[in-house]
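Chemist: Quick one: structure below, then a few questions.
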Amino acid sequence: MEMTLTKVHGSMNTFYMFESDEREDFAQLAIRLSALDPDIDGILVILPSAVAHAKMRVFNNDGSEASMCGNGLRCVARYVCERDRVQEAVIETLKALLRVKKEETLNEGIETYAVEIAPVSFSLSSLPMKYGDNSEWIHQALPFVSEKIPFSAVAVPNPHLIGIVPQEMQKDPSHQQKWAQYFNGENEYFSDGVNVSYVTPMENGIFVRTYERGVGFTNACGTAMTASALVSCMAELVPYGDVAVYNPGGMVKCSVSKQGDDIQLQLTGNATYLSVVKFDWSNNAEESSILSSESLEEQAFYEKFVGNISNLSKQFV
Ligand SMILES: N[C@@H](CCC[C@H](N)C(=O)O)C(=O)O
């Protein structure tokens, strides 16, 4: 079967995106496409929804399904808003209906979208995370990992473990890699794995590097950046409101508001289309292949934007 896929990215977190009806083979498709194109972090499937403009499912490049994907949702938001000729829409995800909207451009030539990130829970059972009898883990060291790194565990609703680290630990991500690999293998703490982010405050925001469950190190993870902005506000590293979040793939804005237990999070950033790809999905996955790829013109604008901000984030990469 010939499929048309759009290769897209949000902060260089890169996916093949396509519209489809429900099928059983999305996981195999994600694995096969990732084997053919190591640039991608997974696939985004846009499905019909009975309760929203569309439904999004996201599969990591190892075939595991995630409950949410912030960078991916911006790309899906763009697709649905352009398809339905609307400025705002509601997208059904595995655990929530989320509001999305077109925003003013981040920079010339960059399609920009804002997406709601919800629901938020600090309850360890929602990740799930098991650590003694604790019901939450907020801004405390995990002594077996390091006495010096305050960690927070939060589900948005996919699971995140976030550590605040000094600049030198961003430059050498080996500590992060070791523990993220451990928590995403056989271990007693995270039975479903976890996305692990290391965060460092900057003069005008924060820098976040993420090791994603089911993927490995990514240029950026939208839910991780938003959860990291929340944790940074709670730790008083940055004020509540709009937080500039830098990452190896660029920069996004995360808006954070917290009144008691009521937390509202929004992620704003690029939704860039890279190319249109024809893919032959045969019954035998091993034989499936990319037939053609036609580049679009948008990436040059994104690279110009990254060039403008790189003096701020290059100290971390
Ligand atoms: N890159 C995504 C998150 C993708 C899912 C994640 N790897 C998981 O398994 O939870 C984002 O932008 O949020």
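Every residue, even glycine, has its Cβ placed from backbone N, Cα and C.
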Chemist: Taking TrEMBL at its word that ASN13, ASN60, GLY70, ASN71, ASN195, GLU212, ARG213, GLY222, THR223 bind substrate, choose the one of ASN158, ASN270, ASN283 listed for that site.
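Modeler: Candidate in the recorded substrate site: ASN158.
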Chemist: When a 10 Å sphere is centred on the Cβ of GLY222 (substrate binding site), how many other Cβ atoms does it contain?
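Modeler: For GLY222 (substrate binding site), the 10 Å Cβ neighbour count is 28.
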Chemist: Since the record lists CYS69, CYS221 as active-site residues, which of them has the fewest other Cβ atoms within 10 Å of its Cβ?
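Modeler: With the active-site residues CYS69, CYS221, fewest surrounding Cβ atoms within 10 Å: CYS69.
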Chemist: Roughly how many Å separate the Cα of GLY222 (substrate binding site) from that of CYS69 (active site), to the nearest whole number?
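Modeler: Their Cα atoms are separated by 7 Å.
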Chemist: For the C-alpha pair, I'd like the distance in angstrom between CYS69 (active site) and ASN158 (substrate binding site), rounded off.
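Modeler: One finds 8 Å between the Cα atoms of these residues.
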